[in-house]
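As recorded in TrEMBL:
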| type | residues | note |
| --- | --- | --- |
| DOMAIN | 45-117 | domain 'Lipid A biosynthesis N-terminal' |
| TRANSMEM | 75-93 | transmembrane segment |
| TRANSMEM | 99-117 | transmembrane segment |
Amino acid sequence: MIDSLLILAHETAPKIPEATGWMHQVFFEGSLFGRPIVLYPWKIIGYFGVTMFAGRWIPQLLASKKAKQVRMPRIFWIMSVLGSISLLSYFTFGKIDSVGVLSNLFPSFVGLYNLVLDLKNGPAAKEDAID
């Protein structure tokens, strides 16, 4: 009974169009720790986005440690925008995943808004620098 319901659900689910073009062409296949790895240009953009979005906390931590209070240096917002836009691009055109799009849509606007505010307020504050 359950198997037939699962098959019916699978057959009636909307089909995602097959992605084509050079951005979807595999240029590396291998394995790491027994797990398959398949790389294509969109996946590199996705990895770049994850690296930027996760890595933005390193300069924030260093700036806060130096100032001995919470600081949000400009590079934090730049990395946020780069990461969000890269991930939005990956989930929109590479993976075609609405959950990924929705999870990165709001952070991209927040990061862009804060970056614009930071740029309007002049050069980065001296205490936010990581020298």
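Note: Cβ is positioned from N, Cα and C throughout, glycine not excepted.
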DSSP-assigned states of the domain 'Lipid A biosynthesis N-terminal' (45-117) in counts, ordered helix, strand, coil: 63 helix, 0 strand, 10 coil
Local confidence of the prediction over the domain 'Lipid A biosynthesis N-terminal' (45-117), expressed as mean pLDDT: 95
